Amino acid sequence: MAVEGGMKCVKFLLYVLLLAFCACAVGLIAVGVGAQLVLSQTITHGATPGSLLPVVIIAVGAFLFLVAFVGCCGTCKENYCLMITFAIFLSLIMLVEVAAAIAGYVFRDKVMSEFNKDFRQQMQNYSTDNQTALILDRMQKDFTCCGAANYTDWATIPGMTRDRVPDSCCVNVTSGCGVKFNVKDIYVEGCVEKIGLWLRKNVLVVAAAALGIAFVEVLGIVFACCLVKSIRSGYEVM
């Protein structure tokens, strides 16, 4: 009876963890989509290991949701094969997450280098490509920045002059405010450094969330193994 009661408790906790997995899966997908939206506006000339990380995060989130469904079915039916599959897949997800975290750390400088290069390339097309102009204007407004390194980068761009920057560089945006501007009326800091700082701040949040998800996954594997052992021993835990 004590063993049966303990397994009932394990089964209940596993249900709770499965709900947590679903929440984690949705969170991973949201983070991946958000990161992809940011990178899609900046890194456009070929894929790098760093720029592929959002795709990996989204894939892991979707797979985790599927694994949680398998675990729910296995727990409900007390199916040995499903629970073994659940534990194995959950372990694989942990390995992928660890690999993604390592790749993110290793290629962090590469991502910023690609961002800097592509930002400067897009600046060259500012006057001839409306879509590029819209993207750069939105970034400069959102991150209160101007140019790649600073506002003087615009002086060498075709269609610009030394006394002109895009209106999106202005603190208070009005039509033509970037022509013959006063330095005190525009953002002078570059977008590469500003966005890099924003990314570094958010990496800490993502890292903390990843640790929490990993802890939940370890508990899920442990409880799944306990239930598998119970099923194999022939205990009834309904």
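Using N, Cα and C of the backbone, Cβ positions are placed for all residues, glycine too.
Worth saying up front: this structure is predicted, and the values here are computed from it rather than measured.
Listed in Swiss-Prot for this protein:
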- 1-11: topological domain 'Cytoplasmic' (TOPO_DOM)
- 12-32: transmembrane segment (TRANSMEM)
- 33-51: topological domain 'Extracellular' (TOPO_DOM)
- 52-72: transmembrane segment (TRANSMEM)
- 73-81: topological domain 'Cytoplasmic' (TOPO_DOM)
- 82-102: transmembrane segment (TRANSMEM)
- 103-203: topological domain 'Extracellular' (TOPO_DOM)
- Asn125: N-linked glycosylation site (CARBOHYD)
- Asn130: N-linked glycosylation site (CARBOHYD)
- Asn150: N-linked glycosylation site (CARBOHYD)
- Asn172: N-linked glycosylation site (CARBOHYD)
- 204-224: transmembrane segment (TRANSMEM)
- 225-238: topological domain 'Cytoplasmic' (TOPO_DOM)
- 234-238: motif 'Lysosomal targeting motif' (MOTIF)
Assigned element (helix, strand, coil) containing Asn172 (N-linked glycosylation site), judged by DSSP: coil
Helix, strand or coil at Asn130 (N-linked glycosylation site) [DSSP, three-state]: helix
Tally of residues which DSSP labels helix, strand or coil - the topological domain 'Cytoplasmic' (73-81): 7 helix, 0 strand, 2 coil
Rounded Cα separation (Å) that holds between Asn172 (N-linked glycosylation site) and Asn125 (N-linked glycosylation site): 24
Helix, strand and coil residues within the topological domain 'Extracellular' (103-203) as assigned by DSSP: 59 helix, 6 strand, 36 coil
Average pLDDT across the topological domain 'Cytoplasmic' (225-238), rounded to a whole number: 71
Glycosylation sites (Asn130, Asn172), the one with most neighbouring Cβ atoms at 10 Å: Asn130
For the transmembrane segment (52-72), sequence-distant contacts whose Cβ falls under 8 Å of one of its Cβ atoms, 6 or more beyond its ends: 14-15, 18, 21-22, 24-29, 31-33, 35-36, 39, 82-83, 85-86, 89-90, 93, 96-97, 100, 103-104, 107, 220, 224
Contacting positions for the topological domain 'Cytoplasmic' (73-81) when only residues 6+ beyond its ends and CB under 8 Å are counted: 11, 14-15, 18, 224, 227-228, 231-232, 237-238
Cβ neighbour count (within 10 Å, all chains shown) around Asn125 (N-linked glycosylation site): 16
Chain-internal residues, separated by at least six, CB under 8 A from Asn150 (N-linked glycosylation site): Val188, Glu189, Gly190
